[in-house]
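Single-structure report; data block below.
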C-alpha cells in the first residue's frame with residue numbers, strides 16, 4: 001500500500017457531505033478545505049492537504065498563511081510553518097527538518113508534507129489563510145492519526161466509484177456557491193462605494209454659498 005494517507009472508505013460519503021456543508025460560503029470569511037481526519041503509517045511520509053477558495057488573485061505581499069500544531073484539544077497551538085512574502089519553516093524541535101511545504105499559494109494550495117511520521121506527531125493541525133481584500137481569514141483543521149500497521153485490505157471498488165461520483169458533484173456545487181458569493185461580495189462593494197460617493201456629494205451641497213439662501 002502506498003505510504004500516502006488514506007481515508008476510511010465507509011466514511012467517504014459522509015466526509016464529502018460534511019465538507020460540502022462546512023465549506024458553504026458564509027459571511028466574509030474565506031473557504032478553506034481540508035480532510036477532517038488523515039491516517040498515516042508510522043515511518044511514512046504523509047501530505048496534509050489544505051486548499052482554499054478566494055474571489056481575489058493571490059498577491060505574495062498581502063497573502064498570509066499559518067500552520068499550527070495542537071497536541072491535545074486544550075493544548076496551546078504551536079506555529080511551525082508560516083507564509084509572509086515567502087514560506088518560513090519555524091523548525092520546531094518536535095518536527096526538526098521533517099516538514100516540507102509542497103503547496104503553491106498562487107494555485108490556492110497551501111499543503112505540506114510531513115516526513116518520517118512518528119507516533120508523537122498525532123494531534124490537530126490547523127491551517128489559517130488570509131488573502132486580502134478578503135477581510136476574515138479562513139480556517140480548517142486536520143486530525144492526524146498514526147498507525148503502527150496497515151489496515152486490512154478489502155475490495156473498495158464500489159466505494160471508490162461512489163466516492164468519485166459524489167466528489168465530482170460536491171466540487172460542482174462548491175464551485176457554484178463560490179461564484180455566487182464572489183458576485184454578491186463585489187456587488188456589495190460597489191454599493192458601498194456608491195453610498196460613500198452620495199454621502200460626500202451631500203456634504204458638498206450642504207456647504208454651498210450661504211448668500212443663496214437669503215435671496
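Each residue, glycine too, has its Cβ placed from N, Cα and C.
Noted in TrEMBL for the protein shown:
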- 1-29: signal peptide (SIGNAL)
- 25-143: domain 'Ig-like' (DOMAIN)
- 158-180: transmembrane segment (TRANSMEM)
- 189-215: region 'Disordered' (REGION)
- 192-215: compositional bias 'Basic and acidic residues' (COMPBIAS)
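For the domain 'Ig-like' (25-143), DSSP puts the residue distribution at 6 helix, 55 strand, 58 coil. Model confidence over the domain 'Ig-like' (25-143) stands at 94, taken as the mean pLDDT rounded to a whole number.
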